[in-house]
Amino acid sequence: MLLAALCCLLWSFRTSTGHFPRACASSKSLMEKECCPPWSGDGSPCGQLSGRGACQDIILSNAPFGPQFPFTGVDDRESWPSVFYNRTCQCFGNFMGFNCGNCKFGFWGQNCTEKRLLVRKNIFDLSVPEKNKFLAYLTLAKHTTSPDYVIPTGTYGQMNNGSTPMFNDINIYDLFVWMHYYVSRDTLLGGSEIWKDIDFAHEAPGFLPWHRLFLLLWEQEIQKLTGDENFTIPYWDWRDAKSCDICTDEYMGGRNPANPNLLSPASFFSSWQIVCTRLEEYNSRQALCDGTPEGPLLRNPGNHDKARTPRLPSSADVEFCLSLTQYESDSMDKAANFSFRNTLEGFASPLTGIADASQSSMHNALHIYMNGTMSQVPGSANDPIFLLHHAFVDSIFEQWLRRHHPLREVYPEANAPIGHNRESYMVPFIPLYRNGDLFISSRDLGYDYSNLQESERDIFQDYIKPYLEQASRIWPWLIGAAVVGCVVTAVLGGLTSLLCRRNRKQLHEEKQPLLMEKEDYHSLLYQTHL
């Protein structure tokens, strides 16, 4: 019933977040390299007449990259998005979006002047209606074609430099699956040649900012799709977990009793079709994923390679990560030592901070543990557990930011792997965002985590508690001292008052005349005689 009601609402809302805007997928836009669609509010490009933004040239950073990618001009993702567009909407103030029709994260209202903070909750703290609504929203997104975005099915060269556009429609959920595939796919070098050592969202500094933006845009898309502006992605706190406690039909899908690699037929997700998982096939054809369904969602949690991932992360592992003071270090890739990012991502040991190619820990451990669709990087976002998992990873990132208060300059400006420098635009997002733009507190982006709000209260209580205990121990002495002080003050006050009166009396007598007036003198004589 809830799903049907949501479907009825669908066309009342327009989405505006993602990859290639439908309005910019024409041969004219591609050949002119301009993506500045009109805003529906006034019909002008980028809402310029209303002061929302303007169509401007894209300024690219010229900071050098690391040595991991030795090519130039062979991948559409290089110097993003310059292969496709060199002019896009640059929005003003609190406006955002490919046509400046949205508000920046954390701002709301017709003119984007209202600021508010949304809270992401632990999935196990959701009420039954909240949990069911979340599952229904996922299903709705899976069955709704994106009205504003399309995906390219060929490279810019295969499109004859834009003169022959190659784009497909895709549903809203799979749009984000496709984004995760596209950002992490191999480079197609022509013929049968490929280059695997490249990833614009993993194994380098941009890992955490990229996935932070991915979740924010996904969250915003669901808010617009459903009209539920208070919607937030729940997180799964997997610390110290002994098994996949969200892998039940009540939550993210139990195990199929007939085939342990499939989901239970009672699950919302057992009928889902996955996309963008056949990387070797795409590479052999020098092609891109086109969004064609590729079979059911696979998951077999716990039956993974235990030599590589002996256990799920512990609370101590998380605390060790948070204790690391360097965001990035050394080569700034998966070989980096004592790097918070590399340790949290799972390429360095959460016991020592030393990179270990034989182990997959922390974030990576959860992907390996799921032993299915989620275990291969490009197509891992097919599994909705991906969202819950990365929301918790983002909460750890947020804890680190609050604990160490790094400046934006802490994020590497140069020499990171391609696409990961501070001023590099993140692939494949339009509108454009730099890696450094997301290296800020979540509260500045309009959201928080329920566990962090609680921990901050606990920190305050832990700070003030020793002083309260000391006060409680000396409280009787303080009361006694106060009483004694009052008594002493009263006595001293009384003595002081008495002395003052005596002094005034003596002073009065001293001021009497030594000789009386004549009349007084005679009167005194009269009295004496009597």
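Cβ from N, Cα, C; glycine included.
Annotated in Swiss-Prot:
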BINDING   His180, His202, His211  Cu cation A binding site
BINDING   His363, His367, His390  Cu cation B binding site
CARBOHYD  Asn86  N-linked glycosylation site
CARBOHYD  Asn111  N-linked glycosylation site
CARBOHYD  Asn161  N-linked glycosylation site
CARBOHYD  Asn230  N-linked glycosylation site
CARBOHYD  Asn337  N-linked glycosylation site
CARBOHYD  Asn371  N-linked glycosylation site
TOPO_DOM  19-473  topological domain 'Lumenal, melanosome'
TOPO_DOM  495-530  topological domain 'Cytoplasmic'
TRANSMEM  474-494  transmembrane segment
Spacing of the two Cα atoms, Asn337 (N-linked glycosylation site) and His367 (Cu cation B binding site), in whole angstrom, works out to 22
Within 10 Å of the Cβ of Asn371 (N-linked glycosylation site), how many other Cβ atoms can be counted across all chains shown? 20
Looking only at C-alpha atoms, tell me how far His390 (Cu cation B binding site) is from Asn111 (N-linked glycosylation site), rounded to the nearest Å. 31
Can you give me the Cα-Cα distance between Asn161 (N-linked glycosylation site) and Asn86 (N-linked glycosylation site) in Å, rounded to a whole number? 14
Using the recorded Cu cation A site (His180, His202, His211) as reference, state which further residues of the same chain have their Cβ within 8 Å of the centre of those residues' Cβ atoms, listed in sequence order. Val183, Ser184, Ala201, Phe207, Trp210, Phe214, Val377, Ser380, Ala381, His390
Using a 10 Å radius on the Cβ of His180 (Cu cation A binding site), the other Cβ atoms enclosed count 23
Cβ atoms other than its own within 10 Å of the Cβ of Asn337 (N-linked glycosylation site), all chains, total 17
In angstrom units, rounded to an integer, how far apart are the Cα atoms of Asn371 (N-linked glycosylation site) and His211 (Cu cation A binding site)? 21
Determine the Cβ neighbour count for His211 (Cu cation A binding site): the number of other Cβ atoms within 10 Å of its Cβ. 24
Hey, how far is Asn111 (N-linked glycosylation site) from His363 (Cu cation B binding site), Cα to Cα, in Å? 39
